[in-house]
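A.B. asks: Pasting the feature list from TrEMBL:
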- His154: active site, proton donor/acceptor (ACT_SITE)
- Cys222: active site, acyl-thioester intermediate (ACT_SITE)
- 11-21: compositional bias 'Basic residues' (COMPBIAS)
- 1-21: region 'Disordered' (REGION)
- 27-53: transmembrane segment (TRANSMEM)
Amino acid sequence: MSVQHSDVVVRRPRGRRRRARTRRRPTFFGVVGELLITAGVFVLLFLGWQLWWNDAVIAGRQTSQAVQLRQEWGDAGSAPQATAPHNSGVPIVAPTAAMDTSFGNLYIPRYGAGWVRTIAEGIDAEHVLDQGSIGHYPGTQMPGAIGNFVLAAHRSAYGGGMHLIDQLQLGDAIYIETADGWYTYRFRNLQYVRPSDIHVIDSVPSSNGAAPADRLITLTTCNPLYSTAERIIAYGVFESWQPRTAGPPSEIAAVLAEKG
């Protein structure tokens with residue numbers, strides 16, 4: 001019995017041989033480009049945190065601090081009775097608070113239901129404005145006084161206290177709450193000025209030293225959004241005052257009762 005052997009021929013597949021790919025060395029400009037892209041991503045993330053997320057955090061903290069102030073004044077937690085704004089005579093004018101100390105709450109319904117910011121004495125960036133508070137210009141009048149009660153706040157970032165100032169409409173309410181009671185002002189008009197125009201905080205704005213006869217409020221902040229090139233100014237006039245025992249104005253009473 002014989003066994004036949006067959007030769008097995010292994011054929012290589014037709015086609016060109018694949019050449020080994022050589023890795024390209026990163027160039028200087030390529031590395032720089034990647035670093036710039038990475039840096040850009042981090043910048044965008046920071047801006048998102050600074051302008052949106054951080055604003056939301058600070059706004060929430062401001063609401064809590066406003067409630068805490070009301071608790072210190074002794075009437076938070078109970079359901080305040082809604083009352084129509086009425087004039088209780090000559091308003092109480094409190095003495096100027098200590099620097100960087102909160103002495104009031106600011107409510108502007110046009111900015112949204114439940115919108116509130118605390119008011120502190122002074123306009124120091126670190127201790128007042130960057131905390132989301134509204135700053136009271138030293139040397140200007142207190143709420144209810146004859147003259148000009150002047151407030152300042154950030155327009156963008158750090159809570160953006162005056163982000164919507166350009167949305168105010170004639171007659172909009174501006175409520176100031178203090179330990180003594182409620183002061184109601186009504187918005188009148190906007191003005192755009194240069195940062196160097198400091199006469200807007202005069203007792204009679206931009207009047208070259210005229211004697212005041214009215215009770216005014218002035219809100220100041222930067223303009224346009226995300227810029228400090230100009231200042232946008234909102235003026236208001238005093239309408240009424242009522243003590244805490246009369247309850248808050250009806251426009252915001254329900255929100256206050258809900259938040260405590």
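Each residue, glycine too, has its Cβ placed from N, Cα and C.
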A.B. asks: What does the structure give for the C-alpha distance between the residue listed as 'active site, proton donor/acceptor' and Cys222 (active site, acyl-thioester intermediate)? Integer Å is fine.
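C.D. replies: That comes out at 7 Å between the alpha carbons.
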A.B. asks: What are the sequence-distant neighbours of the residue listed as 'active site, acyl-thioester intermediate', meaning same chain, six or more residues apart, C-beta distance under 8 angstroms?
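C.D. replies: Those within reach of the residue listed as 'active site, acyl-thioester intermediate', by Cβ under 8 Å and sequence separation of 6 or more, are His154, Arg155, Ser156, Thr228, Ala229, Glu230, Arg231, Ile232.
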A.B. asks: Including all protein chains shown, what's the count of other C-beta atoms within 10 A of the C-beta of the residue listed as 'active site, proton donor/acceptor'?
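C.D. replies: For the residue listed as 'active site, proton donor/acceptor', the count of other Cβ atoms within 10 Å is 22.
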